[in-house]
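Colleague: Below are the features listed in Swiss-Prot for this protein:
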DOMAIN    4-223  domain 'Glutamine amidotransferase type-1'
ACT_SITE  Cys85  active site, nucleophile
ACT_SITE  His196  active site
ACT_SITE  Glu198  active site
Amino acid sequence: MVKFAVVVFPGTNCDFETERAIRKAGAEAERVWYKTSLKDFDGVVLPGGFSYADYLRAGAIAARQEIIEEVKEFARDGKPVLGICNGFQVLTEAGLLPGALRPNKVPRFICRWVHLRVADTETPFTQFYEPGEVIRMPIAHAEGNYYADDPSKVRIAFQYSDEEGNITEEANPNGSLLNIAAIANENGNVLGTMPHPERASDRFLGSEDGLKLFRSMVEWARK
């Protein structure tokens, strides 16, 4: 059975539910302290939270820890690397994904459910979705305003939308460029998402739309 590492930095707070979602998707998962080696794992997830209390910038200090060099090796080897919320911020700070995540257009913490339109189903994380499918996941961030100098080089996975899938300014909770909610690297094996799929992985939580992401990731890692 494939096994995923859920990396825990000081300030990480979404590791338990992320571990549970991966297990529910059919893989082994283990919470790994950031000073631990990743050599025995098939994929890695950087979960949400406030690593190092978001000092300097969200994700900036975590991105400079030694374990990130191993994460970069995973990415180079084509293994799945997923960053959720703060994990997405870490991936951009580490240069594993293009662009940056800036403070929300309205400068406050936003915590609510959003609708997303699936823009790319050709990544290891989105292969179980339908093109243009509208899904629901929660967001919880103060710095989720995605920006890139050259949007044409950004591989968009999810976009904020209304419940019909229309990409509108009103549906954009944070001012993110092109309503971007999640992006992948050029090869597709690194994904960063501001919405929390682990919080949408159980019908009792209001949605199982995020579970598809984990099942897609697990199925791809088995190949």
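Using the three backbone atoms N, Cα and C, a Cβ is placed for every residue, glycine included.
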Colleague: Can you check how the pLDDT averages out over the domain 'Glutamine amidotransferase type-1' (4-223)?
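Modeller: Averaged over the domain 'Glutamine amidotransferase type-1' (4-223), per-residue pLDDT gives 97.
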Colleague: Name the secondary structure element type, per DSSP in three states, that contains Glu198 (active site).
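Modeller: For Glu198 (active site) - judged by DSSP and reduced to three states - the answer is helix.
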Colleague: At the level of the C-alpha atoms, what whole-angstrom distance separates His196 (active site) and Cys85 (active site, nucleophile)?
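Modeller: Rounded to a whole number, the Cα-Cα distance is 7 Å.
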Colleague: Measure from the CA atom of Glu198 (active site) to the CA atom of Cys85 (active site, nucleophile) and give the result in Å, rounded to a whole number.
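Modeller: It is 11 Å, counting Cα to Cα.
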Colleague: What is the number of other Cβ atoms found within 10 Å of the Cβ of His196 (active site)?
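Modeller: That number is 22.
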